[in-house]
Amino acid sequence: MKGIKVVETAFRDAHQSLLATRLRTRDMTPIAEEMDRVGFFSLEAWGGATFDTCIRYLNEDPWERLRELKEHVKRTPIQMLLRGQNLVGYKHYPDDIVRKFIEKSYENGVDVFRIFDALNDIRNMEYAIKVAREQEAHVQGVICYTISPYHTLESYVDFARELEALECDSVAIKDMAGLISPHDAYELVRALKEETDLMVNLHCHCTSGMTPMSYYAACEAGVDILDTAISPLSWGASQPPTESIVAALRDTPYDTGLDLEILKNIKKYFEEIRKKYSSILDPIAEQIDTDVLIYQIPGGMLSNLVAQLKEQNALDRYEEVLEEMPRVRKDMGYPPLVTPTSQIVGIQAVMNVLSGERYSMVTNEVKDYFRGLYGRPPAPLNEEVARKVIGDEKPIDCRPADILKPQYDECRRKGEEMGIIEKEEDILTLALYPAIAPKFLRGEIEEEPLEPPAEEMAPTGEVPTVFHVEVDGDEFEVKVVPTGYMTIEEAEPEPVDVEGAVKSTMQGMVVKLKVSEGDQVNAGDVVAVVEAMKMENDIQTPHGGVVEKIYTAEGEKVETGDIIMVIK
């Protein structure tokens, strides 16, 4: 048998899974040439959440990141994760945007396009696959792996046949939550090798603890490629350690042929990077969590879910959110939990828990999901929930992109009017993220500070522990024994109660004000849209009247309970 090829994920999925996608380009380029020497099948370095995080938190141009990496990586193909018709966003984009984005991605340095759809709806992948093939790139079609009564071995094999019919070069089993058991990995890989002529790539996270065993079972079944992460960025919600997998397969028919000495140097570099980012590294994302076999939360989502709950000052509700997620997933027809459905399901679970009433608050993305605008769910929707979310609306049954009008020229016009377009890629950035891109392109985004790790203990010897105290002429020796150190946080201000106030239901950014001062509105009208946890939330007025005062502006951040406007 031929040896196993390896995809290294340190530049994309590994830090997305453990560091909330916060790794800076300046911390990638110093080691990129060394990684290029290893002989990986590819370096996954772009796509996924990296695009969003670059412009939202890091004040980095994601296109420039791609170009810089390509300058350092000459031999190893650079791979990106592309969400089919969603590209690197959270909704469907029209075909003209998809074409331009893929063409520019290839032009700037992407060699391998790993293309998936969160619902395994082939209609949402066809056009992206077609355009990527036109670039003569390596096109890898993806099966999003999950477990439900509707996801069977036969259904996965049938889907792989559809990908082969579209002339993909390889197929990836994308196990976002580390759910696949050794037995199931063997059976699925063997079936794909028997029923198709495609190279098979297994991509797993270590969340459940089973992944190294599943990798070896996949090798025995004939897998061609495995995804791994250099050890300081491995385990937990990330992939298995590259060095461990290389060593485990050495002197077997599956030997990768990779040099552990070169990998050791790369490991040392990332050990320092891990220390640098230790304030972001969350213990929840690092640990093995067998509850994932119940909740099915993917690796990349765990660290982001923790970060988002922290933003809402609701980390104490984490367990409740985990328990709510399978219920929401069932209501929505058992979608695989991968972007964007992981965000859609996860944030709805957060809202159900924080609001105290299921589906009393619903994001626009959830409404669109029930309308069929993300594609065909694997299973029937909960009809009662559907009525609560979209009323009597009938979902569409065509390819969602078929009802979208071309947007590229309009985005160009808007961007030029705003004076924010310097290159063609800026038009695409604006098209993908119209809420945040203008601020980024105007240079108004500040890089999120990377805080040093908190000191666990005060330096010894600097704080006196024995005091001589005189009381009414008598002297006493008092020993003070340290028992820990307290972090003092600012108290939360009490919310102001103003008559007629319309308040934000979530912490986030105001992306749209739908009324002006002096407008007449009715109870239930949508008066603003707040983007919270990357999803848009309509703010409805609980009462009618005239808009007396607006206290915020588009692009400004608001906290939960902040007054957006007063209507009397």
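Placement of Cβ uses the backbone N, Cα and C atoms for every residue, glycine included.
Quick look at what Swiss-Prot annotates:
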- R12, D13, A14, H15, Q16, R83, T339: substrate binding site (BINDING)
- D13, K174, H203, H205: divalent metal cation binding site (BINDING)
- 4-264: domain 'Pyruvate carboxyltransferase' (DOMAIN)
- 493-568: domain 'Biotinyl-binding' (DOMAIN)
- K174: N6-carboxylysine (MOD_RES)
- K534: N6-biotinyllysine (MOD_RES)
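Structure with Swiss-Prot features highlighted.
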residue : record                             : contacts (Cβ under 8 Å, 6+ apart)
R12     : substrate binding site             : E44, A45, W46, G47, G48, T50, Q79, M80, L81
A14     : substrate binding site             : A229, I230, L233, S234, S238, Q239
H15     : substrate binding site             : T21, R22, L23, L233, Y277
R83     : substrate binding site             : G47, G89, F116, D117, A118, T339, P340
K174    : divalent metal cation binding site : F116, V142, I143, C144, Y145, H203, V338
Worksheet item: Among the binding-site residues listed here, Q16, T339, which has the most company in the form of other Cβ atoms within 10 Å of its Cβ?
Response: Q16
Item to complete: Tally the residues of the domain 'Biotinyl-binding' (493-568) by DSSP class, grouping H, G and I as helix, E and B as strand, and everything else as coil.
Response: 0 helix, 37 strand, 39 coil
Worksheet item: How big is the Cα-to-Cα gap, in Å, between Q16 (substrate binding site) and H205 (divalent metal cation binding site)?
Response: 12
Discussion item. I need the most crowded of these binding-site residues: H203, H205. Count other C-beta atoms within 10 angstroms of each C-beta and give me the top one.
Written reply: H205
Discussion item. Quick check for the class: what is the C-alpha distance, in angstrom and rounded, between H205 (divalent metal cation binding site) and D13 (substrate binding site)?
Written reply: 10
Worksheet entry | In three-state DSSP terms, the structure that H203 (divalent metal cation binding site) belongs to | strand
Worksheet, complete the sentence: Model confidence over the domain 'Biotinyl-binding' (493-568), as mean pLDDT, sits at 83
Worksheet entry | Pairwise Cα distance maximum in Å, substrate-binding residues per record: R12, D13, A14, H15, Q16, R83, T339 | 18
